[in-house]
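K.L.:
From Swiss-Prot, for reference:
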type	residues	note
COMPBIAS	180-216	compositional bias 'Acidic residues'
COMPBIAS	258-267	compositional bias 'Basic and acidic residues'
DOMAIN	120-158	domain 'LRRCT'
REPEAT	63-85	repeat 'LRR 3'
């Protein structure tokens, strides 16, 4: 797909002035064609791996902030970038730029903060980084590193004015001091349906506990295990025993009478044996 065809595809039914971002990566053209100054709202333009050899067809794009031109065949003519005076981030990595002199026009881009020339022959120049920072006063990051070889930490947020929480004053500490963060338990108030459901759960739990206590008491009694028990369990166990004793009183009296008769019979039999 040619660059012109890709532009038409990305545009669709929109007016050029409505488009703020345009991705034309991997389309094919040696020159920039199809772009006009009608794209006045364009802020991000990407033309990676297109095969560009020249930037001469680049239109005036005053609002453009990010321009991606990596993996092309550009070796010079960077003065065309002055048509976009507000560029902040420029990626020219993996191109054919060999000389530091080719970079001189970039010194006039007063908003340029991040420049990437990785995999370009120019990076082999002695003191390349030092010379580049000296040449472009506004430059903060070169190939992802600052002058002290520290990595670029803010990325696009830095280019957009910084979005860190300290700058905005909306960090965790600020929220805590303002009272915005409170304990969830203080805010939560269950509705009537939820309270009824919770009460049902409590009743079920109480019944389950009573059943467990009765079972434990019965098991301990059957095993003749003595020891401290929970008061509720002991009372229930004594009530059960009293009920059993009351219900079996008549049987106990019968058993006692039977025992006395058995003793008397035994005595009589003993006497007979002695006689």
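The backbone N, Cα and C atoms fix where each Cβ goes, and this holds for glycine too.
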K.L.:
Determine which residues of the chain contact the domain 'LRRCT' (120-158) at the Cβ level, with the cut-off under 8 Å and only residues 6 or more beyond its ends counted.
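P.N.:
Apart from its flanks, the domain 'LRRCT' (120-158) reaches 66, 89, 92-100, 102-104, 106-107, 109-114, 164.
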K.L.:
Just to be sure I understand, if DSSP states are collapsed into helix, strand and coil, how many residues of the domain 'LRRCT' (120-158) fall in each?
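P.N.:
Computed counts for the domain 'LRRCT' (120-158) are 16 helix, 4 strand, 19 coil.
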K.L.:
Provide the three-state DSSP residue tally for the repeat 'LRR 3' (63-85): helix first, then strand, then coil.
P.N.:
6 helix, 3 strand, 14 coil
